[in-house]
Every structure is written in C-alpha cells, then in structure tokens.
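> Annotation comment: TrEMBL describes Cys167, His246, His331, His335, His364, Asn368 as active site. Under the heading domain 'FAE', TrEMBL lists 24-312. The annotation domain 'Beta-ketoacyl-[acyl-carrier-protein] synthase III C-terminal' is assigned in TrEMBL to 330-410. Feature annotation from TrEMBL assigns signal peptide to 1-23. Annotation source TrEMBL lists transmembrane segment at 160-181.
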Amino acid sequence: MYLFMAISLLFLCFIFFIYKSHLQKRNQNCYLLGYECYKAPDDLKLDTETCGKLILRNKNLGSDQYKFLLRTMVNAGIGEETYGPRNVIDGTEETPNLSDSLSEVDDIVFGTLDKLFDNNGVSPSEIDILVITISMITSVPSLLARVINRYKMRDDVKVFNLSGMGCSASVIAVDLVHHLFKTYMNSFAVIVSSESLIPNWYRGNERSMMLPNILFRLGGCSLLLTNKSSMKHKSLMKLKLSVRFHGGASDEAYQSCTRVEDSQGYCGFSLSKSLPQAAAKAVTMNFRVLLPKTLPLRELVRYATVSFLHSKTNNNKGKTPSLNMKSGFQHFCIHPGGRAVIDAMGRSLGLNEYDLEPTRMALHRFGNTSAAGIWYVLSYMEAKKRLKKGDRILMISLGAGFKCNNCVWEIMKDAMDDVNVWKDCISRYPVKSTANTSFLEKYSWVNELELQPELNKKIDKIKN
Ligand SMILES: *[C@@H]1O[C@H](CO)[C@@H](O)[C@H](O)[C@H]1NC(C)=O
C-alpha cells in the first residue's frame with residue numbers, strides 16, 4: 001500500500017515537472033506583433049540650405065570649424081531629407097526650454113503609439129509591460145507616467161524607464177522584455193525608443209563634440225511584443241536570442257564616449273580616439289557568446305579546423321580565417337551610427353554592399369536616430385520586400401558604455417512587406433552614392449578659402 005502511494009506520488013511529481021517545464025518553455029517565447037517608426041512633419045526637414053545657415057549662425061565657430069563641419073557633412077552619409085529638432089529649424093537652439101523639449105518627445109512617443117495600437121487592434125488597457133528608452137531627457141512625473149496618463153492604462157502595468165542607455169537601448173529593452181516574459185505569462189509589452197534633441201544640441205566649437213550635431217536626427221519607434229501563444233500566427237518575428245555585452249570595466253572603453261562640458265561650458269558628447277577600438281572589442285566579445293549559439297554547427301567546425309590549420313602552417317601570417325556570417329543570417333540590421341561605423345562593420349563581418357544597403361539608406365534618409373535606428377533599417381528591408389518566412393535577422397547595436405547589444409529574430413510571416421515610413425521615397429532608394437553632392441556644390445568654396453576676412457565676406461553674403 002505504502003509502496004503504491006510512493007510510486008503514485010513520484011509519478012505525479014514527474015507529470016508536474018514535465019508540465020512545469022512545458023509551461024516555462026512556452027513562456028520563453030517572445031513575438032514581435034508590430035512596430036512603428038516615427039516620421040516627422042515635412043517642415044522639420046534639415047536640408048542643405050537649413051544646415052548651412054545653421055552652421056553659419058553659430059557665433060562660436062571660426063573658419064577652421066566651418067570648413068571641418070561642412071566637409072564632414074558632405075561625407076557623413078546623411079541625405080537632404082533627415083529631420084532636425086524644431087528649435088534648430090526655428091533658429092532658437094541657443095535657448096532651449098523644457099516645454100519645447102517635452103513636446104518633441106510627446107510628438108514621437110504618442111505619434112508612434114497611436115499608430116501601433118490602431119494598426120495592431122490592441123487597446124492600451126491590454127498592455128501589461130511598458131518600457132521607455134530615451135537617454136537624454138527625464139521628466140517628473142516620468143515619461144512612462146505621461147504615456148499611462150494619456151492612454152489611461154491599467155494601474156498594474158509594469159513600467160521601466162531606461163534613460164541614459166544610449167544608442168543600443170532598444171535591444172536592451174527587448175532583452176529585458178524577453179526576461180520579464182518568463183515571469184509574466186500571457187502578456188503584451190510595449191517598448192518606445194527615441195532620443196531627445198532639443199535640449200541637447202551642442203552649441204560650442206570643439207571639433208570632436210560637433211559630430212553629433214551632424215549625425216543625430218529626429219526619430220523614434222514603438223514596438224509591440226507578446227508571449228501569448230494564441231498570437232503566434234499574427235506575429236511578424238520571433239526572438240531567437242539576445243546577448244548583451246558591457247565593456248564599462250575598461251577605462252578606455254568607458255571614456256570613449258562621454259557627455260562633458262567643453263572649455264566654454266557648453267555640454268556635448270566627447271568622442272575619444274579609442275572609440276573605434278572599444279566598439280570593435282565590444283562587438284567581438286558579444287559575438288563570442290552569440291555566434292556559437294546561432295551559427296550552424298558545420299560552420300563552427302569548419303572555422304575551428306581552418307583556424308587550427310592556419311595557426312599551424314602560416315605562423316599567423318596571411319589572411320586570418322573568419323566565420324561566414326551568411327551561414328546563420330540572411331539579413332543584418334546594423335545600428336546606422338555613421339558612415340565609418342558601417343564601413344568598419346561591413347569589413348569585419350565580411351558583408352557586401354547589398355547587405356549594408358538597408359543600414360546605409362536608413363542613415364541617408366533618417367540620420368542617426370539613436371536607439372530607434374535599427375528599426376528604420378528593418379523597415380527598409382520590409383519596404384524592399386527582402387524578408388521571407390524563416391529568414392533570420394541579426395540586429396547589431398552599439399552605444400556608450402561601451403556596450404554592444406545584439407539579438408536574432410526569425411521571420412514568422414509569409415509576406416512582411418509593409419512600406420510604412422519609407423512610403424514616399426522607397427522608389428528613389430537605394431541612392432547610388434551617399435556622399436551629399438548638393439552640399440559639395442553649394443559649399444565647394446570652403447575648401448579654397450584660407451583667409452578669415454574672405455570667409456566672413458562669403459558668410460555675410462549667404463546670411464543676407
Ligand atoms: C519655449 O520656447 C519657445 C520657442 O522655442 C516659446 O515659444 C515658448 O513660449 C517657450 N516656453 C516657455 C515656457 O518659456
């Protein structure tokens with residue numbers, strides 16, 4: 001009798017254990033149901049004309065800095081149609097105020113969320129988890145509270161404000177939601193990523209600190225995620241893996257991108273010479289975890305064999321063997337941080353121009369939109385009808401810290417081909433060259449000018 005009871009108990013335990021592990025597995029799913037990128041109104045476009053005037057009206061700049069800025073702009077990979085902050089367009093960037101700053105963020109956050117809820121048929125009251133990643137602005141009550149108040153969301157919504165996390169914050173948020181889904185079953189999660197530009201425009205004249213003004217542009221995105229298995233058939237993509245690397249323990253990496261005050265007291269980003277190295281190391285360290293889990297075994301075996309032979313025969317001379325990234329992924333969503341980053345990433349990953357096109361074009365059309373950037377890249381892939389069911393996408397994001405956060409998605413939908421934010425311009429893309437020739441034509445004189453008085457004459461002419 002006792003034996004029978006003991007066996008029954010054991011059996012029940014066994015069943016319970018199987019059921020529990022099944023439940024756990026089911027809840028580890030993380031599906032992307034939809035996403036919306038922000039498109040600013042046309043009157044916020046920062047074209048050659050506006051940009052030139054903007055540079056010229058900064059009284060802190062000398063002729064060297066004008067030349068540097070204009071030349072950099074020509075080669076930055078930024079086109080004629082990116083969107084800038086309203087105070088810069090209006091010419092009031094010297095005196096930003098809080099109400100303008102918050103209304104900029106509201107436009108982006110509410111603009112994308114309105115569409116996200118509408119297009120996916122999900123009501124704000126159904127949202128269980130809300131994450132906002134906007135690095136450079138805080139408000140009281142929090143940005144999360146602004147969203148909860150506007151949409152009258154439930155009082156038990158779990159909210160997380162990730163500020164100061166930089167350009168890779170969107171992937172950090174995805175990773176966070178992925179982990180939360182293991183605890184909160186049957187949930188909807190919303191992530192909003194953007195950057196606040198109005199209070200953060202650099203007004204000084206340090207060369208290294210002026211770059212962000214050229215690269216950073218207005219943008220943002222909202223994502224809708226779920227772990228409900230009943231929504232699987234409606235999902236666009238399924239998260240396969242997310243890996244985070246933080247290199248902040250190294251002083252060099254930590255100091256490679258910092259927000260500081262210059263000698264005149266103007267706040268801005270200081271990018272050090274060790275930045276490319278810190279970035280390369282962060283990517284390598286992240287891949288050490290990510291690639292063994294995602295590339296096919298035969299590719300890992302091939303790489304190990306070739307590397308071993310190479311070290312035996314070549315005494316480390318000749319071309320070092322590399323992993324074939326295409327064996328595991330069909331698409332590469334790289335953070336459109338700037339032309340140099342994209343070039344470097346392409347070289348080190350062995351990618352061709354076709355692979356880099358979505359990132360280059362996202363930078364050209366929308367600029368560096370910080371944490372939202374990779375979603376404009378994804379949107380380009382969709383608009384160009386590149387995405388097929390079963391394809392895998394590798395998202396690579398980099399940010400100050402120095403951090404590299406990556407994730408891998410699998411396409412769940414047969415036709416993922418919404419043109420979305422690219423609607424008015426996709427037919428013009430890809431552009432052949434991302435060098436801004438219209439800048440070149442208009443400002444070719446900066447290369448010839450050496451003397452300050454002559455420059456001033458030109459400047460006066462343009463200003464009037
Ligand atoms: C903030 O600045 C704008 C101009 O950019 C101005 O119209 C507005 O009145 C200012 N708001 C406050 C509260 O000062």
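Every residue, even glycine, has its Cβ placed from backbone N, Cα and C.
Unlike curated entries, TrEMBL annotations are predicted automatically.
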> Let me spell it out: for each of the active-site residues (His246, His364), count the other Cβ atoms within 10 Å of that residue's Cβ, using every protein chain shown. Which one has the most?
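Per the Cβ count within 10 Å, the most buried is His364.
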> Looking only at Cβ atoms, how many others are within 10 Å of the one on Asn368 (active site)?
26
> Near Cys167 (active site), which residues of its chain come within a Cβ-Cβ distance under 8 Å, counting only those 6 or more away in sequence?
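Non-local contacts for Cys167 (active site): His335, Gly337, Asn368, Ser370, Ala371, Gly373, Ser397, Leu398, Gly399, Ala400.
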> Where among the active-site residues His331, His335 do you find the Cβ with the fewest other Cβ atoms within 10 Å?
His331
> Give me the CA-CA distance between His331 (active site) and His364 (active site), in Å, as a whole number.
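His331 (active site) to His364 (active site), Cα-Cα distance: 19 Å.
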> By DSSP assignment, list the helix, strand and coil residue numbers for the domain 'Beta-ketoacyl-[acyl-carrier-protein] synthase III C-terminal' (330-410), in that order.
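Helix/strand/coil tally for the domain 'Beta-ketoacyl-[acyl-carrier-protein] synthase III C-terminal' (330-410): 39 helix, 22 strand, 20 coil.
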> Could you pull the average pLDDT for the domain 'Beta-ketoacyl-[acyl-carrier-protein] synthase III C-terminal' (330-410)?
96
> About how far apart, in whole Å, are the alpha carbons (Cα) of His364 (active site) and His246 (active site)?
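Their Cα atoms are separated by 29 Å.
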